[in-house]
Amino acid sequence: MGRAWGLLVGLLGVVWLLRLGHGEERRPETAAQRCFCQVSGYLDDCTCDVETIDKFNNYRLFPRLQKLLESDYFRYYKVNLKKPCPFWNDINQCGRRDCAVKPCHSDEVPDGIKSASYKYSEEANRIEECEQAERLGAVDESLSEETQKAVLQWTKHDDSSDSFCEIDDIQSPDAEYVDLLLNPERYTGYKGPDAWRIWSVIYEENCFKPQTIQRPLASGRGKSKENTFYNWLEGLCVEKRAFYRLISGLHASINVHLSARYLLQDTWLEKKWGHNVTEFQQRFDGILTEGEGPRRLRNLYFLYLIELRALSKVLPFFERPDFQLFTGNKVQDAENKALLLEILHEIKSFPLHFDENSFFAGDKNEAHKLKEDFRLHFRNISRIMDCVGCFKCRLWGKLQTQGLGTALKILFSEKLIANMPESGPSYEFQLTRQEIVSLFNAFGRISTSVRELENFRHLLQNVH
């Protein structure tokens with residue numbers, strides 16, 4: 001036995017020396033390399049690279065953004081989680097504890113936020129809200145003519161066909177305030193056929209894809225023809241290609257969060273949440289996902305650039321003296337607006353912004369139709385969020401789709417923003433409080449995803 005073992009070791013040594021002599025000795029590939037080897041350099045359809053985004057986000061933006069999102073104005077979000085699914089009836093509700101959402105008690109939400117979720121100032125919040133949609137024109141006669149006109153214009157705009165999302169009726173008895181800090185986005189155990197169906201309907205019916213083209217790794221479809229799919233994708237116009245990449249990037253961002261805040265330990269004493277590298281590998285490893293994982297991560301960076309560009313464009317709206325992050329606490333409101341403007345000016349200084357002028361730049365009639373298709377497809381995706389069986393997943397799905405929809409609304413409203421008056425009501429361009437809260441929280445999710453990728457790079461360095 002000893003002689004045989006010695007012979008085996010000797011043979012292995014000879015093989016190693018031969019490989020070394022031929023220059024073939026290589027260190028084993030790490031999991032970090034398999035997940036991130038393609039997540040570098042310049043992004044498709046952009047002039048920006050991954051490394052610039054990492055440095056800007058992780059060291060200049062992320063810490064300040066997290067501080068802003070912890071403030072009262074941004075942590076409370078009103079949402080209706082009881083809306084029925086408009087597409088199918090057989091929703092299997094997740095019964096796990098971690099799928100549940102704990103709404104706020106009435107006395108937990110600042111009065112300034114509860115009084116009117118779409119108004120920005122103390123003066124505007126004195127306006128009595130109408131009890132029913134049919135009575136929105138019945139404005140308090142004690143208000144000035146200018147204010148009455150502003151309220152009617154806001155309502156008209158908020159109900160207009162320019163919206164990229166199906167907006168919840170926040171006056172509905174089923175709409176409740178949720179503290180986002182107490183209901184964080186993390187792994188809930190919601191998976192399987194129901195979760196697959198949500199994403200399948202989003203990709204198959206809302207991303208401009210014909211049924212004859214099969215998505216890579218599509219559930220239940222057998223082995224995909226990857227080259228066929230990407231040849232089709234590259235043949236699309238830039239707008240439709242961008243649409244797919246935005247949805248893929250959002251999907252990737254959600255999966256990063258589920259891997260970064262995974263339930264590692266669940267006992268009667270405590271729950272321990274943290275990074276699950278195995279879960280991350282299953283979702284993004286280049287070998288395990290047949291090359292799809294790294295592509296999805298690149299799409300996450302593309303999504304980051306789109307929302308970053310929208311925030312840079314909307315700066316004039318927030319700079320107006322009349323705008324406040326109104327909660328009723330004057331000192332805190334002033335500090336939060338100062339921090340908000342500091343963040344937006346930092347974003348404005350980003351050197352490699354996405355150029356949205358390439359969107360809808362052709363024939364006017366064709367561009368108008370394409371923009372409308374773009375809007376309707378995204379609006380439909382926002383409706384699909386009401387079909388998610390996990391309430392916590394539904395909460396964050398609705399918030400993030402509304403946030404991305406708001407970003408798209410901003411990008412396609414550049415002229416309206418440029419023509420806003422420096423003071424007084426803005427009739428042409430308006431953002432509700434719901435849109436503002438979802439916009440910044442959605443970008444906060446993507447910013448956190450980019451930050452978490454750095455953590456996973458380090459954690460996977462020594463994993464093979």
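Glycine too: its Cβ is placed from the backbone N, Cα and C atoms.
For CYS390, the disulfide partner named by Swiss-Prot from the candidate list CYS387, CYS393 is CYS393.
If you go by Swiss-Prot, CYS387 shares a disulfide bond with CYS85, out of CYS85, CYS94, CYS99, CYS104.
Cα distances from CYS85 (disulfide bond) to the binding-site residues ARG186, THR188, TRP199, HIS251, ARG296 are smallest for TRP199. Between the recorded positions SER106, THR188, SER248, ASN276, ASN380, the minimum number of other C-beta atoms within 10 Å of a residue's C-beta occurs at SER106. Taking the recorded positions CYS37, TRP199, ARG283, ARG296, CYS387 in turn, the residue surrounded by the fewest other Cβ atoms inside 10 Å of its Cβ turns out to be CYS37. If you draw a 10 Å sphere around the CB of CYS99 (disulfide bond), it holds 18 other CB atoms from the protein chains shown. Pairwise Cα distances among ARG186, THR188, TRP199, SER248, HIS251, ARG283, ARG296, which the record gives as the binders of FAD, peak at 22 Å.
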